[in-house]
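Asker: Please see the structure below; I have some questions.
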Amino acid sequence: MDPAPPPPEEGEGEEHLDPVLWLDIPEHPEGGISPVTVSPSLPLEQQIHAAARHGQTAKVHALLGERAAPDQAELLRARVKSQGEETTPLIAAARYGHQKTVQLLLSRFRPDLETTGTVKFGHYAIEGASALWAAAGAGHMAVVQALIQAGADINHMTKIRSTPLRAACFEGRLDIVQLLMQHGADLHLANEFNNTCLMIASFKGHLDVVRFLLDKGADPNVAAKCGETALHFAAEVGHVAVVQALLMAGAHILKNGHDMTPLISAAERCQAEIVEYMISRPEVSKLERIDALELLGASFANDRENYDIRRSFQYLLQAMQERWSDLDNVICKRVCPSIPAYDDRVECEAPEDLIAIEADDHALHMESLAIRERILGSDNPEVPHPVIFRGAVFADSAQFDKCLQLWFHALRLRRQNCANVARDLLRFAQVFSQIVHVGLTVEFDQLLEVISACQGEMKRNLLESEPSEDAWEELESNMNTFLYFLVIYGKTRKATSETDHFRLMKLVYAAVELKPLNRRGQTLLHLAVHSETPVDEFHTNALIQFPCSSTTKLLIEAGADVGAMDAQRNTPLHCIVTYQRVVNDFITLHTIITVLVGSGAHTDVVNLEGKTPLQAATTGVAEIILKGQARLTLKCLAAQSVKKHRLTYQGQVPEALETFIELHGP
């Protein structure tokens, strides 16, 4: 949440810019602000906001001062959208640290201090932020002081229940933390995830803030909703001094919601310094030391950011030596079923077994994956990540069978735990595309499994009562990926039996029955026939492109509605006639138009622009094909006349006929 550099300082450039103001200032690549002038003919609230946001105090005074009090109050309440933020003049001035502008607003115009807006810090958009929260989060001490003196609510929470104190803790501003607490800030208030100020300061590694909060009575053993304590947050990112401070203050080594202690969390994240410190403490048992060392070694063997096979072996050997340190009481490993994806690897039981595979990196990789799953459990969400990484390494060296074994294991683990698998499914589309592109074969049962998973993901997406932006993106990703799989199937269908084709069609039918729509109101069929349907660029676009005639036929065979309209009332027929590659891909264009019309698509349906597919066609070739397929019926002509002459028909004809007439005019 590191804020970008602030706009120009208080009053800078005022004499040169009057009467022109700045508004909606685009950011430099470095995160700064470039000066763009705008006309004073813009709405007054935008002019005031721009002046406040950029510290143009005199302009703020001039623009507001000549207005009546009721108008001033309304202008100061107005939220203006700019660069992902939506703020009032006071919040904007506070966010960017313009003390004089804030002082003017507070002393001369007295705006509502608790009005909230949306402010951005890096990639984070904070909704429901007050001026005090914005100033505290951006580290503007003088502005924070001014707002407190004016009577701002010291504990005013954002939409997700974050307080100004929490914002200051995130930034590590001890001076602001102290000031807020002197004026009554409650350090015990947690956000909606029950994440406390101490937790965020520990996670960010702000040792001075952590110590201050502990001195003021912060409880180090409070757990967030995920079960993690401040000790977890510090340990998993490697803040040794913070871990030491928390333990000295009485922090207990507790388990989170996935049965992971701070020690295990640190080991899973390859935080060797934390592990070595914590295993030296008397409250850590011998078995806990062994588990932590084994997990640390196993994680080094398959971590994308921290891969180190030599350190992996060293820690695995240290753990094994701990197991055998007392020959009268050897601590044997818990026996677990072997996992085919890990080559059915049976873990080493003695130091000599481990030493025997020291030079065999592959054996150490598989040994380590087995160790991680044994210690963490198959239901732990951290287990699949290294499995996917190791599979990707195999894919990069064209060892596709081994890659797929690992990725399917990871997919099944994630689905078993009800995790979002949209990215996993796209990864399969990428590797399948690569396999087919180099002339190899995708096994039908593997393709069927990911198609089934993708259909299940779309079903889950559609159960969202109020889809968020992320939920929409996930649904659209899954819709696109589902189509990628159907294109891949079309490339390999000749080798498929009728029985297998029937199995696949059951899944396609189930997907069509879900009636998924993207944000543009497009169905799977719209996407299959549209040249603008996005295709992933990593291997996938070497094999897949849209429109795709084989995918179109599959969807229609499964019952897709050829007359479905998107948000612009475009049918699939409207989409295909805009295809431009008519010379190089004439067969696709001809096939899809023919199949759509042959399956009942109306050639006289109009979109929101009042255009039929023929009128929407962008090439003469599409027009010729369409004219050759057009079959206007008397019923269509009658419906056109009703729409053309704006005759009343609702409630006077059967409902089915009402729907039919609607097709023929906006």
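Even glycines carry a Cβ here, placed using N, Cα and C.
For 127-159, 160-192, 193-225, 226-258, the entry in TrEMBL reads repeat 'ANK'.
Each of these features: where is it, how hidden is it, and who are its neighbours?
Answerer: Panel annotation: around the repeat 'ANK' (127-159), residues 1, 3, 6, 87-88, 90-91, 93-99, 102-103, 106, 113-119, 121, 165, 167-168, 170-171, 173, 175-176, 179-180, 183-186, 189, 191 of the same chain, lying at least six beyond its termini, place a Cβ under 8 Å from a Cβ of the stretch.
Proximity of distant same-chain residues to the repeat 'ANK' (160-192), defined by a Cβ-Cβ separation under 8 Å and at least 6 residues beyond the stretch ends, is recorded for 1, 126-128, 130, 132-133, 135-139, 141, 144-145, 148, 154, 198, 200-201, 204, 206, 208-209, 212-213, 216-219, 222, 224.
Per-residue pLDDT, averaged along the repeat 'ANK' (193-225), amounts to 97 for this model.
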Asker: Looking only at residues six or more beyond either end of the repeat 'ANK' (193-225), which have a C-beta under 8 A from one in the stretch?
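Answerer: 160, 163, 165-166, 169-170, 172-174, 177-178, 181, 187, 231, 233-234, 237, 239, 241-242, 245-246, 249-252, 254, 256.
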Asker: With DSSP, how much of the repeat 'ANK' (160-192) is helix, how much strand and how much coil, in residues?
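Answerer: Result for the repeat 'ANK' (160-192), in helix, strand, coil order: 17 helix, 0 strand, 16 coil.
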